[in-house]
Amino acid sequence: MDMHARISQLFQASIETKQQAMEVILPHIVQASELMVQALLNEGKILSCGNGGSAGDAQHFSSELLNRFERERPSLPAIALTTDSSTLTSIANDYSYNEVFSKQIRALGQPGDVLLAISTSGNSANVIQAIQAAHDREMQVVALTGRDGGGMAALLLPEDIEIRIPAKVTARIQEVHLLVIHCLCDLIDNQLFGSEE
């Protein structure tokens, strides 16, 4: 195997996936950022969840809001539901792994908050239950998905927003998810604190 050629192929595949996605998801990213900004202006917060790499994305997003993205600014209220190992394991042990996020949302979520739900397949059972719990708490949902949107897409209400990456390879979907997260952080900062350009 020519490793240089393989790396070049992977870069090219990532670039092509991002270009294809950009044509489809731009308006949804704008809408999601506006929804999140409105929640923050109304003293709400953003909860986030996902599994595996998507759990890392949920944590990445919340840390960019809680700390900072690319400028000095006040901290913004965001909680990744993927970080408390005691809570996650106790819920999984006493109830079900499918409830590890939904039980937290029922405790922490308030009307007007936003849930950022991340799954490359759209079929993660615990993320699907998180969306159901968010709706029960009168929260709106931003769903980051891929492929055909899976069960998550079927659950979304008209006021929710799906950002679906038109790709099938998990790694390519994850790469675009990270870019979307950075776009959201940038747009949130610019809407709340003004453009730096």
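A Cβ is built for glycine as well, from the same backbone N, Cα and C atoms used for every other residue.
So that you can see what the record holds, here are the features copied from Swiss-Prot:
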BINDING   Asn51, Gly52, Gly53, Glu64, Asn93, Asp94, Ser119, Thr120, Ser121, Ser124, Gln174  substrate binding site
BINDING   His60, Glu64, Gln174, His182  Zn(2+) binding site
DOMAIN    36-197  domain 'SIS'
Open item on the list: Over the span of the domain 'SIS' (36-197), how high is the average pLDDT in this prediction?
Closed with: 98
Task: Largest inter-residue Cα distance among Asn51, Gly52, Gly53, Glu64, Asn93, Asp94, Ser119, Thr120, Ser121, Ser124, Gln174 [record-listed substrate binders, Å] - done: 32
Task: Three-class DSSP secondary structure - Asn51 (substrate binding site) - done: coil
TODO: Check the Cα-Cα distances from His182 (Zn(2+) binding site) to the binding-site residues Gly53, Asn93, Ser121 and tell me which is shortest.
DONE: Gly53
Task: For the binding-site residues Asn51, Asn93, Ser119, Ser121, Gln174, the one whose C-beta sees the most other C-beta atoms within 10 angstroms - done: Ser119
Task: Distance [Cα-Cα, Å, rounded] between Asn51 (substrate binding site) and His60 (Zn(2+) binding site) - done: 13
Task: Cα-to-Cα gap, Ser119 (substrate binding site) vs Glu64 (Zn(2+) binding site), nearest whole Å - done: 19
Open item on the list: Distance check, please: Cα of Asn93 (substrate binding site) against Cα of His60 (Zn(2+) binding site), rounded to an integer number of angstrom.
Closed with: 26
